[in-house]
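Pasting the relevant annotations from TrEMBL:
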- A:6-27: transmembrane segment (TRANSMEM)
- A:67-85: transmembrane segment (TRANSMEM)
- A:133-154: transmembrane segment (TRANSMEM)
- A:175-193: transmembrane segment (TRANSMEM)
- A:258-276: transmembrane segment (TRANSMEM)
- A:283-302: transmembrane segment (TRANSMEM)
- A:374-400: transmembrane segment (TRANSMEM)
- A:421-444: transmembrane segment (TRANSMEM)
- A:492-519: transmembrane segment (TRANSMEM)
- A:539-559: transmembrane segment (TRANSMEM)
Amino acid sequence: MNTELLGIIATYGLTLLIGIPLGIYLAKMFAGEKVWTDFLKPLEKGIYKLSGINPEESMNWKQHMKALLTINMVWLVYGFFALIYQDKLPLNPDGNLGQSPDLAFNSIISFVVNCNLQHYSGESGATYFTQHFVFMFLQFVSAATGIAAAVVLFKAFRDKTTTSLGNFWVFFTRSITRLLLPLSVVVAIILAFNGTTTSYEGKDQYISLQGDTVGVSRGPAAGFVAIKHLGTNGGGWFGVNSSHPIENPNYLTNMTEAISQVIIPVAMIFAFGYFIRRKKMAWVIFGIMTLGMMLLLIPTVISETGGSPAIAKMGVSQLTGAMEGKEVRFGPTATAYWSTVTTIISTGSVNSMHDSGMPLTGMYQLIAMMMNCFYGGCGVGILNYFIFIIIAVFISGLMVGRTPEFLGHKVEAREVKIASIIALLHPFIILVGTALAAYTITYFPDANWAVKPANWLNNPGFHGFSEMLYENTSAAANNGSGFEGLGDNNTFWNVVTGFILILGRFLPIIGPVAIAGLLASKKYIPESAGTLKTDTLTFGMMTFVVIVIIAALAFFPALTLGPVAEYFTLIK
Amino acid sequence: MKKYIIQSLRLTGVLMVLLCVIYPLTIAYVGKFSPGEGGGEKVTKNGKVVGYALIGQSFTKPEYFWGRPSAVAYNAAGSGGSNKGPSNPDYLKDVAGRIDTLLKYHPYLKKSDIPADMVTASGSGLDPDISETAAIMQIKRVAAYRKLDERLVAEAVVKNTEGPLFGLFGPSKVNVLKLNVALDELKK
């Protein structure tokens, strides 16, 4: 078997080998059972004490959401001003300028919501201070926010009837001290020893072998790159993210980064099942998510390793596949694998330029973000999937004429309404955003922005439309990857995606937690012969069908105008 | 509400010390023991630094092995891919132009001897590597311009080819800068 294929099989295998036991550990850790990391308790006690937090205080779901929104608001305000005034703050060896208000607005939202869309380039648009004290800080805490919200949902289904769902600050702090930080240290050290820079020195200059004078951007990137993947953030230290040879030096680091972005989303599925004492349910959810992933991964690998039809016509040989926008050290197979996992999970880091991928590859990436629940981001993946579970419960209940129930709680009109709104919100903001962009480009091509709408698109025709669709989808899915040819650093994109980002983050967190909170407070109905079982494969497939139908109905027309049309022009 | 605001502010401050000071400084300290001492591994020729092992360089002279096309001309102060879509007509013209240039300098080649990585821009614009095939096809030209035995140049290519990880995973590759340095040092 060829070594490139073997490489991705090993990568996925290792992911499961780490992810599944990690999930079991997380279930125990969040339940407060004895685990080997308990030696960190004094550190956590110190954090609670300094922050004036009483870890014993129990919250209901509304208090949880209040705490979550408050601390996120604090980060938004603080980060916005830090970015605008970064030129006046320390740790700026390259003398980079402050961000413009609309760019800072977009950047800070984008990092608070775990998206990392990045309309700036790390080399020139951020300083070592903001890279650390804004961006890397948010990469930790936004991931922890997602995980903590998911744990609130877990907690709601652990006991029969309850309104007290644990303490938000505890879930949040433990996500960092017991999960994100220790793993980051390990990954950062692996990266550092393979060539990712760690020192605080600024740009270097040297005279190349041919005699050109060349500058090279560096900086303490290893720690940043570690959490960017573990926290499914995806924001790069450098402009080109993990295709940069310092950010991702070789095949080993590529495997490490690809594994580290998937382990926590996989672990969260098993954490859910073990936490609520329904292991079978975890395996069913895992199976359905894996099915979804494979249905996107396999055609992506085929599409990329098949090479570009236009280049094949020119007569050069594409031995391993399409190479535009890709790096030799990874090869097309590992690049295809990466592009799938980074879009099904809301990481959005890239090791190739997605804009230059094959048309169908672009479509699979878009679909991955449109469904946004096959594994999904840190914590929020399982929350998104939960919405589809509720809808599937409702529809199956109607089909077989039984009262819709989930884990012993009646699912009633209120819960189904919330679930439907959240499920429809995603296509709504994507399509409205894209329509707005297409309208602007057509009717106001000369608007006086940093980049004129007429110059937004780097590619003509259908591919240009895909660039706009991708940007909005990525923002709504809190993914952060892009068809980077799009001229996105201007008022229009900064503001429009800024709002899409906020809507696409907080409502899909509040919705599921609210449903869980409402269900948990209802009377527990013991399982009987009439109960619709939600941990069976049949029900799993039902959920899968719901996901596919919602996405197909909402997005098929838009996909046809972009990647599908481009595919057919390319092969004709 | 007020309670949450104060807790949020204090928790943010405490975590900043842990995550933005202690964590990166620890990594920076450990990084000092890595091969490039945390500042990036450098390549030297006759004791003089000529670049970074991981950062590709622009090679245009015929006595050097060439790297891949770059959208940022290998200027590592920034980074960037072409972001050209596969159906973009201007882009396809560029590729055709690159094929012609390669055929001009390598008259002994057929089009099908040219691997795709030599005519397409990398994602970072700084790709330090080319494929094995891309190096092999240049041997004859480099040997001719350097007035060296082809066998010697071929040997240098083999020596600078790095196989798959553990011999099992991923593609093999040739670091262009290291290969060219090896050739320059061979000459003296």
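Using the three backbone atoms N, Cα and C, a Cβ is placed for every residue, glycine included.
No curator has checked TrEMBL annotations; they are predicted automatically.
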If I count Cβ-Cβ pairs under 8 A between the transmembrane segment (A:67-85) and each of A:133-154, A:175-193, A:283-302, A:421-444, A:539-559, which range comes out on top?
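Against the transmembrane segment (A:67-85), the leading stretch is A:133-154.
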Using a Cβ cut-off under 8 Å, which residues of the same chain at least 6 positions beyond either end of the transmembrane segment (A:374-400) come close to it?
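Counting only partners 6 or more residues beyond its ends, the transmembrane segment (A:374-400) has Cβ contacts under 8 Å with 114, 143, 145-151, 153, 231-232, 262, 264-266, 268-269, 272, 285, 289-290, 292-293, 296, 341, 344-347, 368, 406, 411, 415-416, 419-420, 422-423, 478, 505, 508-509, 511-513, 515-516, 532, 534, 539, 542-543, 545-547, 550.
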Mind checking which residues of the chain, 6+ beyond the ends of the transmembrane segment (A:133-154), have their Cβ under 8 Å from one of its Cβ atoms?
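Same-chain contacts beyond the flanks: 27, 30, 61, 64, 68, 71-72, 75, 79, 82-83, 108, 111-114, 116, 126, 165-166, 168, 171-173, 175-176, 179-181, 184, 223-224, 227-228, 230-233, 235, 264, 268, 271-272, 275-276, 377-380, 382-383, 386, 509, 512-513, 516-517.
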Is the transmembrane segment (A:258-276) in contact with the transmembrane segment (A:283-302), using at least 3 Cβ pairs under 8 Å (sequence separation of 6 or more) as the test?
yes
